[in-house]
Amino acid sequence: MKFGSRLCTLNVGGRRFFFPAELMKRLPLSRLSRLQRCVSESELLELCDDYDRDSNEFFFDRHSEAFSFIMLYVQHGKLRFVPHMCELSFYNEMLYWGLESADLQPCCQRRLDHRMSECFVHFFPEEPPPRGPWEEPPRGPAGEPRRWLETVRRTFEEPTSSILAQILASVSMLFVVISMVMLCASTLPDWKSAETLDQHRIIEAVCIGWFTAECIVRFLVSRDKCEFVRRPLNIIDLLAITPYYVSVAVTMLTGENSTLQRAGVTLRVLRIMRIFWLIKLARHFLGLQTLGLTLRRCHRQMVTLLVFIGVAMAIFSALAQLLEHGLDPEAGNHDYASIPAACWWVIISMTTVGYGDMFPVTVAGRMLGGVCVVSGIVLLALPITFIYHSFLQTYSELTLRAARRRRTATQATY
């Protein structure tokens, strides 16, 4: 579908909204941006209810007033509930267009959380229903069936979709564990012999080969190659795999001469980046997925928390340096000789009980330390409460979503 610069019309529940095609690409609504990537009318009809080619009009059988409020959010950056409309119904409209609860204003977020906890209801973005065995498989431009591509994609992307997917996920986790064990063991003094290093290189090459093949297959069967490259987990995979090939290439080009010796520090830094493979476990463990999604939804609260800590560090470190060292530079506490040095004591005191490596000795400094500790408790408690509730909600959503996928896969099997 080539929209060019034509004017697009969205008919939502009988009400028309007009947009230039270029503007639709930039709207923060995933369903509208996906419309621009459709290559056939059949793909278009998977995202909208009907399409008029002559007038370039898309039809959506959705709530028009809710979409009007969503467009107000697009224009002004503030999303609130439609008056006299059920919060759950409006949230369902949000998910349909590609928004999340984090896009709501804080007051509306609290209303939604309270409403969902009362009704024990969870909504998810709409997914296309599984095809039955009687339906004709989708065909590509060349007329060949694409069902096997979708099967391979689900096998590699969704570990709970089939038994084969679970086996591949288990093998992938096994290689991650083996790689991490070898990475840790390679730093032991007893593992520095030539024979042990050769065995380590063989095991490392096997693990890298598996990860490389897995990444290539997932890239080839992905629906959107650009979206695949932009995903955080795929970027982490690339960062974890690339250092091995860089180190092998440098070794082949320079051998064991002085050039390699000068590059030794760089190679060690590249090899230690393999620790990112642990994040690959997020594909298979719900807890890591919950953590990542919670941080993404609560990025504003995390920024607020960092700002609180930064302001407190600036204030308390300056006062601590003055009370412990600044008033008597010669006989004062030399651990607080500078404000940056005092910042370490402030951050440790605010977030933990302290290491004890440095502590105030004057009466005024100890009083300041007490205020610093109490302030840390208060400042950390303010945004963490919202992050905690978001974590519980996210974990519940992902648990129900995983259960629904397993149920769908079981129904498709039978």
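The backbone N, Cα and C atoms fix where each Cβ goes, glycine too.
Curation does not apply to TrEMBL; its annotations are automatic.
Model, not experiment: these values are computed from the prediction.
Here's what TrEMBL has on this protein:
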- 9-107: domain 'Potassium channel tetramerisation-type BTB' (DOMAIN)
- 163-182: transmembrane segment (TRANSMEM)
- 166-397: domain 'Ion transport' (DOMAIN)
- 202-221: transmembrane segment (TRANSMEM)
- 302-323: transmembrane segment (TRANSMEM)
- 335-355: transmembrane segment (TRANSMEM)
- 367-391: transmembrane segment (TRANSMEM)
Mean predicted confidence [pLDDT] for the domain 'Potassium channel tetramerisation-type BTB' (9-107): 82
Long-range neighbours of the transmembrane segment (367-391), counting only residues six or more past its ends (CB under 8 A): 102, 113, 290-291, 294, 297-298, 301-302, 304-305, 308-309, 312, 316, 319-320, 323, 346, 349-351, 359-360
For the transmembrane segment (202-221), sequence-distant contacts whose Cβ falls under 8 Å of one of its Cβ atoms, 6 or more beyond its ends: 149, 152-153, 156-157, 171-172, 175, 178-179, 182, 228, 234, 237-238, 240-241, 244-245, 277, 280
For the domain 'Potassium channel tetramerisation-type BTB' (9-107), residues assigned helix / strand / coil by DSSP: 45 helix, 19 strand, 35 coil
Beyond the flanks of the transmembrane segment (302-323) by 6 or more, those residues with Cβ under 8 Å of it: 295, 336-343, 345-347, 350-351, 360, 362, 364-365, 368-369, 371-372, 375-376, 379-380, 382-384, 387
